[in-house]
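According to Swiss-Prot:
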{"type": "ACT_SITE", "residues": "His95", "note": "active site"}
{"type": "ACT_SITE", "residues": "His120", "note": "active site"}
{"type": "BINDING", "residues": "Tyr40, Tyr60", "note": "substrate binding site"}
Amino acid sequence: MTLQPTFEGRTPEQCLNVHTDSHPDITGCQAALFEWAESYDSKDWDRLKQCIAPFLRIDYRAFLDKLWEKMPAEEFVAMVSHPHFLGNPLLKTQHFVGTMKWEKVDDSKIVGYHQMRVAHQKHLDSQMKEVVAKGHGHGSATVTYRKINGEWKFAGIEPNIRWTEFGGEGIFGPPEKEENGVAADDQVMNSNGSSEVEERNGHVVNKAVEVRSV
C-alpha cells in the first residue's frame, strides 16, 4: 500500500493510524459528517443538534479570524442558523466532501482530513429566480470527532480555503431587500467573510449573534 504524504508534520504512519478493527468508528464518523453537511444544506437545525458534541472547537481563523476552543453546542447552532449566516432562507448551499484520511487520536477522538467544496448562492427574494450573489470555496477541512455515550459526534472544524469562485461579496448578511420592499439593516459580514465584532466584558460580541470566547 502506498503511504500518503506527511500532513502537518505527522509521519505517513500516523496519518494512517486507523486499523481494521476501527472501521466501525470510521463509519460512525462518516455518519456524523454526513448529518452535519445535510443539516447545513437543508437548514434542519434540529438535525444538526443531534449530530454534534456538547462542546466544539471552531477554528474560523481562515475567514473570520476567530477561534473558539470550547463552544457550547447551543451557541454553535445559534451562530450557524442565524438569518445573517446559513439560516438565511434565500441562501442555498452545498457542503460537498471529497476524499479523506483519518487519524485515531485515542478511543474517543478521531481527526478527519477532508477535501471540501462549499457552494453558496443567494437569491433576491422568495421566488428564488434572481441570483444576487455567488461564492464557492475550494479547499479542505480538518474535522474533529468525539465519541459521546458510544456514538461518534461532529466536535469541531478548521476550514482551509485554498481558492474561491465568484468572490462571495454579499453572501452573508441581511437580504438585499425585505419581502415588503423595505431595505434591510446593515450587513453583518463583509465580502471577506470577516464579521463586525467587539470585545465587551470578556465576550466576543457579533452584531448578528453573541458567542462566548473560551
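Each residue, glycine too, has its Cβ placed from N, Cα and C.
Annotated pair His95 (active site) and Tyr40 (substrate binding site), C-alpha to C-alpha distance, rounded: 8 Å. Distance between Cα atoms for Tyr60 (substrate binding site) and His120 (active site): 17 Å, as a whole number. Across the structure, His120 (active site) and Tyr40 (substrate binding site) are spaced 12 Å apart at their Cα atoms. Look at Tyr40 (substrate binding site): DSSP puts it in a helix. Of all Cβ atoms in the shown protein chains, 17 besides its own fall within 10 Å of the Cβ of Tyr60 (substrate binding site).
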